[in-house]
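First up is the structure itself, then whatever we jot down about it.
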Amino acid sequence: SIILKHNIIIHPLKISEIQANRISHNTTSKTIRLKSPRNQSEFQTMAQNQQPIFQAKPPEHFVQIPINIERDSTTLINQTGNRKPNHWPTIIISIVFVIVGQSVARLLENFYYDQINRSDYDENRQNDGVWTQSLLQTVGFPLLLLPFIILTKKHNRQQPPITSDQFHYKSLAIIYLCIGILLSVQGRLSAMGKLEIPFGVFTLIYTTQLFFTPIFARLINKTKFNRWMVISLILAIVTGALTLSSAFGGEPDEAEENYARGSWAALFSGICFSLLLCNIQNVLDNYIFKRTESTTRKPSFASVFEILIFSSLAATIISAVGLLIAGEQHELEREMNGFSKGKGSYVMSMVGQAVSWQVYWVGIVGLVFSVSSVLSHVISVLTWPIVSVLVVIFFNFMDNEFDVFKGVALITAALSAAAYFYRLHKENRDSTN
């Protein structure tokens, strides 16, 4: 008799194996037993009365095991490391954050300089507050802790967390420190440049950052450029240059101008910003996204908050130390007491700037997460004419009005954004075909 337990695949047995005294094959939860004949005559009788047990080779069944499992179309990267079709809601929300965050922050910055009677400053106090302005760009990072925790828990609840050995803790710590240094240096140089040279000259020099962005993107991120990206960059450069007629509340007078120092500060500030965005994309591509590449997990927007929290922590410490060394903490009390609108308005303007800058950075890094550092930089520059128009509306600076430069800048900004969005549309359409 043949006893079969559970479902097994029986391979063909040779007749010589049946002649053995006993064949027993035991596996976990599977057993095959063949009862052997007592003598040769009994075996011959069995052979004459029964058909052969195995007359033909049974059909073989193959199970195809997928080696490369392609992820869902909403995932930002595929197995080759290329980005998937972009998630438009995330892109649109990030753009809104950039526009709103930068516009409010710049308006409050103008309000701050206008109310502290900057025109009364002497040459020795010209650069007062540069570390403070750098600090305001990052000090609001604790506001990001709550959404970071919520998104992380939600993501881990939907998909199992990655084991700790897949994290590159040491590498990420060094990279976040470097990004924090760039954040602090960029904020400090930008604040100093605007107080050293006329704002129109600062704008022209600061716009050169768009020349460095494609260079760094190509070298660091291996970005491939097509004609629509090039057109978008050219129009963005024109847009930035056309905002030279914008006004600034902290613009120095002729006696305070220092073109050499201010020009270098504006130039290196722009370079730092370009390098900053490309390094953030490098972290996302080579570290954050690599965590999920060997799993079924999808990249989470919590990565944006992770980068900002740890990098801003480093930048905040650096700016705070610089503020203390420069002795600006003594000037803060003097500015509060001399603020034209009162102490309450001074505190609100400072808090408003800190919050607005965090909204801006979430949008900037969100665009890098969703698309690339190039689009993030383009959208940041395209916000400048919007800010210049808002300054005209809310402030009454001398000789500041809505002129032809601001109007043309708004048009070129729209065309630049349209060119890049058309490129994204073509990529998404080609990937779905």
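Note that Cβ sites are derived from N, Cα and C of the backbone, with glycine treated the same way.
Copied from TrEMBL, the annotated features are:
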TRANSMEM  88-108  transmembrane segment
TRANSMEM  130-151  transmembrane segment
TRANSMEM  172-191  transmembrane segment
TRANSMEM  197-216  transmembrane segment
TRANSMEM  228-250  transmembrane segment
TRANSMEM  262-280  transmembrane segment
TRANSMEM  301-326  transmembrane segment
TRANSMEM  346-371  transmembrane segment
TRANSMEM  378-398  transmembrane segment
TRANSMEM  404-422  transmembrane segment
Original post:
Sequence-remote contacts (6 or more beyond its ends) of the transmembrane segment (262-280), Cβ cut-off under 8 Å?
Top reply: 175, 178-179, 182-183, 185-186, 189-190, 192-197, 201-202, 205-210, 212-213, 216-217, 220-221, 307, 364-365, 368, 373, 376-377
Subject >> Winner by Cβ pairs under 8 Å against the transmembrane segment (228-250), considering only 172-191, 301-326, 346-371, 378-398, 404-422 >> reply: 404-422
**OP:** Please work out which recorded stretch in 346-371, 378-398, 404-422 has the most C-beta pairs separated by under 8 angstroms from the transmembrane segment (301-326)?
**Re:** 346-371
Original post:
Quick one: do the transmembrane segment (130-151) and the transmembrane segment (88-108) reach 3+ CB pairs under 8 Å, ignoring pairs fewer than 6 apart in sequence?
Top reply: no
Original post:
Do any residues of this chain, six or more beyond the ends of the transmembrane segment (197-216), have a C-beta under 8 angstroms from a C-beta of it, and if so which?
Top reply: 190, 223, 225, 233, 236-237, 240-241, 243-248, 251-252, 257-259, 262-263, 266-267, 269-271, 273-275, 277-278, 373-374, 377-378, 381, 384
Subject >> Sequence-remote partners of the transmembrane segment (378-398) [C-beta within less than 8 Å, at least six residues beyond its ends] >> reply: 95, 98-99, 102-103, 106-107, 110-111, 114, 203, 207, 209-210, 232-233, 236-237, 239-240, 242-243, 245-249, 363-364, 367, 406, 409-410, 413, 416-417, 420
